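A short write-up of the structure that comes next.
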Amino acid sequence: MDTKVVTVDQEKPDLQVMRMAGEILRKGGLVAFPTETVYGLGGDGLNAGSSKKIYAAKGRPSDNPLIIHIADLESLEKIVKSVPPKAKLLAEKFWPGPLTMIFSKSSRVPYETTGGLESVAVRMPSHPVALAIIREGGGYIAAPSANTSGRPSPTRAEHVCEDLTGKIDMIVDGGAVGIGLESTIVDFTEEVPVILRPGYINQEMIQEVIGPVRMDRGLLITEEKVRPKAPGMKYRHYAPKAQLTIVQGSSSQVTAYINAQCEKAVREGKKPGVIAADETVSAYRGAVVKGIGARNDEEEIARNLFAVLREFDEEDTDILFSEAFDTPRMGQAIMNRLLKAAGHHIIDLDSSF
Ligand code: AMP
Ligand code: MG
């Protein structure tokens, strides 16, 4: 398949290009486009055939449901059974924006889109390109992250090209995304709303609006026994090719430990890599070291995380180490992605003595 790549201005996208993308979507084709979180791979969410194509292009397991993206609040009522008052409050506060909510689905939504579930995940993004494409494409666009399943999510059009060229109809390049981590997911099908995936909008921000929400136990406990409720959260994800280990502890402990491990790796003929905060990049020796952002700029760390993981694949490193980034506001979301990339391989130097 020939994949058309078109560049647009992210604030004022060319209307003709938006119409072209919309037409492809209405006819059942696939278009990747930027959102404020990561790039999405869009297909008509009410067309079972389009959803099947999305799974095939990504190599995504078919039990992992898709999020339907809408461009206005009226569209929500047509695809869900009812909207609880607390969900309305969150929509008023955070839509358009990086928040996904889960509801009981209406009969209009095919099971192919929801991975066989009776519930449907819905988000209204704020990115002007995403909003224009959703409108032109019929209003209900299923759009998971536009990466090959298991690889880091794409934060630039080049990442989408790497994974999906030849497999989809069109890639709309609107430059680098702003947030860099996928949306927060809140499940409203339970008595007390549950956060199934942490993101830019954190638990505290949600609780300020609607009171108590809990974190899905599968997010907090890494034992196999507790399955995360969002089917997608159980899969190994974001993984670089090399085994990644996260090292936690005081800054001096962490740099000393990682340096010793890198030295050992080099002795064994391996090529080590390190993910570090900008401040500590120069503390490492004998490894490919990449700065992810300043420690006090968590938004920068979030924005760079997936791109840095992809860069290490290009470097052909055999073994990777990362500092931990338990930052105050987005730390939960950043560490959730990093832990998954590491297959939950973490060394806590504080507790190992
Ligand atoms: P992505 O599209 O790559 O951002 O992934 C979407 C995430 O939302 C996955 O982790 C899915 O498992 C989750 N998800 C989507 N729909 C539902 C649903 N109806 N119930 C629970 N989780 C969902
Ligand atoms: Mg994804």
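Each residue, glycine too, has its Cβ placed from N, Cα and C.
Automatic prediction, not curation, is the source of TrEMBL annotations.
Feature annotations, reproduced from TrEMBL:
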BINDING   Thr37, His69, Arg123, Ala143, Ser183  L-threonine binding site
BINDING   Arg60, Asn64, Ser145, Ser153, Arg197, Tyr238  ATP binding site
DOMAIN    15-201  domain 'YrdC-like'
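Sequence features, as recorded in TrEMBL, placed on the structure.
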residue	record	contacts (Cβ under 8 Å, 6+ apart)
Thr37	L-threonine binding site	Pro98, Pro125, Val177, Ile179, Gly180, Leu181, Glu182, Ser183, Gly199, Tyr200
Arg60	ATP binding site	Ile54, Pro144, Ser149
His69	L-threonine binding site	Thr35, Gly40, Gly42, Gly45, Val122, Arg123, Met124, Pro125, Ala130, Ile134, Tyr140, Ile141, Ala142, Ala143
Ser145	ATP binding site	Val38, Tyr39, Gly40, Leu41, Ser153, Pro154, Glu182
Tyr238	ATP binding site	Gly150, Arg151, Pro152, Ser153, Phe306, Leu309, Arg337, Lys340, Ala341
Listed binding-site residues adjacent to ligand 2, that is, members of Thr37, Arg60, Asn64, His69, Tyr238 whose C-beta is under 6 A away: none
Count of other CB atoms lying within 10 Å of the CB belonging to Ala143 (L-threonine binding site): 28
Sparsest-packed of the listed binding-site residues (Asn64, Ser153, Ser183) - C-beta count within 10 angstroms: Asn64
Contacting binding-site residues for ligand 1, chosen from Thr37, Asn64, Ala143, Ser145, Ser153 when the Cβ sits under 6 angstroms of any of its atoms: Asn64, Ser145
Where His69 (L-threonine binding site) falls in three-state DSSP terms: strand
Other C-beta atoms that fall within 10 angstroms of the C-beta of Arg197 (ATP binding site): 24
Local confidence of the prediction over the domain 'YrdC-like' (15-201), expressed as mean pLDDT: 98
Cβ packing number for Arg123 (L-threonine binding site), 10 Å threshold: 26
